[in-house]
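Colleague: Pulled these features from TrEMBL for this protein:
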TRANSMEM  48-74  transmembrane segment
TRANSMEM  86-104  transmembrane segment
TRANSMEM  116-132  transmembrane segment
REGION    141-172  region 'Disordered'
DOMAIN    195-323  domain 'Palmitoyltransferase DHHC'
TRANSMEM  241-264  transmembrane segment
TRANSMEM  284-308  transmembrane segment
């Protein structure tokens, strides 16, 4: 474009990007392995940014302020385009590995961390990765009907309640969470407000509280939300593992931050040392450790907010998807300063709500004759 002073044809940049992504492969014994482009930036940029931030206090302030802004910008960009990306999963896993590497290389050799403390930190990291691996499994996808790999938007059932069997009747339903308009079915013996909806994209009848994920293209039982950090939905089958992974991450991260601050800033409490540590930039090793502590603190604060919202939602038996729909339709109550939206539909009290959460997904769901049809 610079040489010819003419604009590129439409789609040229996308074609170039697709060609680069297709040719980015890693040689392997069984053949070249294709590398997803979104996996690469965190592996390269994160160490560079942290080492630059360790050079000077002002550089650290600039980097640690701009880094969350860039991550949020990329999140909103991919969310607006409804694209799936491995960038956040790569950033999360590589951040864990790199922080653990810096801890072993820069903090442990100072001699103020005992072996039992290193073992406890390592054990917490292993437990968190195990819970994360479980959360990456099937979130509770509803089985796709045979021969409908690409469900069409047509072919919706047109029944009236008078001629349907088993006291079923069809009623038009509104689009939820960006889904196309479809039909809603309600059984005569079901409690009021418990509905079964027809998904026009998956061509199936989904049970109550199930939803269609726009990014995964599948319906999920008790869909909570699509989490970019695990690149998967959070639903009935993996919600407990998701909460467990967040809890282990919080405990491990806070413990690692405390051990590092006790080593780098001797004689100060962790909270005070996080904001006032005069000897942090006395040498490059201490500066890098202190910079990584602040990076971990920023990530921990963000994950702590997510965990807090999740725990409050579980206490009121509401999902993120239901909270968004309640806000859109103005049908929910804002509680605790707007941190939680109580729809009042499934709330049965604190203990019953947690009992329901801990027991859900423990047995395979039973399919009624209506669901099969």
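Keep in mind that glycine also has a Cβ here, set from the backbone N, Cα and C atoms.
Please treat TrEMBL annotations as automatic predictions, because they have not gone through curation.
Any idea what these are sitting next to in the structure?
Modeller: Note on the transmembrane segment (48-74): residues 87-88, 91, 98, 281, 284, 287-288, 290-292, 294-295, 298, 302 of its chain, located 6 or more positions outside it, place their CB under 8 angstroms from a CB of the stretch.
Listed by sequence, the residues of this chain that lie at least six past the ends of the transmembrane segment (284-308) yet keep a Cβ under 8 A from its Cβ atoms are 50-51, 53-55, 60, 64, 67-68, 95, 99, 102-103, 106-107, 243, 246-247, 249-250, 253-254, 256-257, 260-261, 263-265, 274, 277, 339.
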Colleague: In the domain 'Palmitoyltransferase DHHC' (195-323), how many residues does DSSP put in helix, strand and coil?
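Modeller: Tallying H, G and I as helix, E and B as strand, the rest coil: 68 helix, 17 strand, 44 coil.
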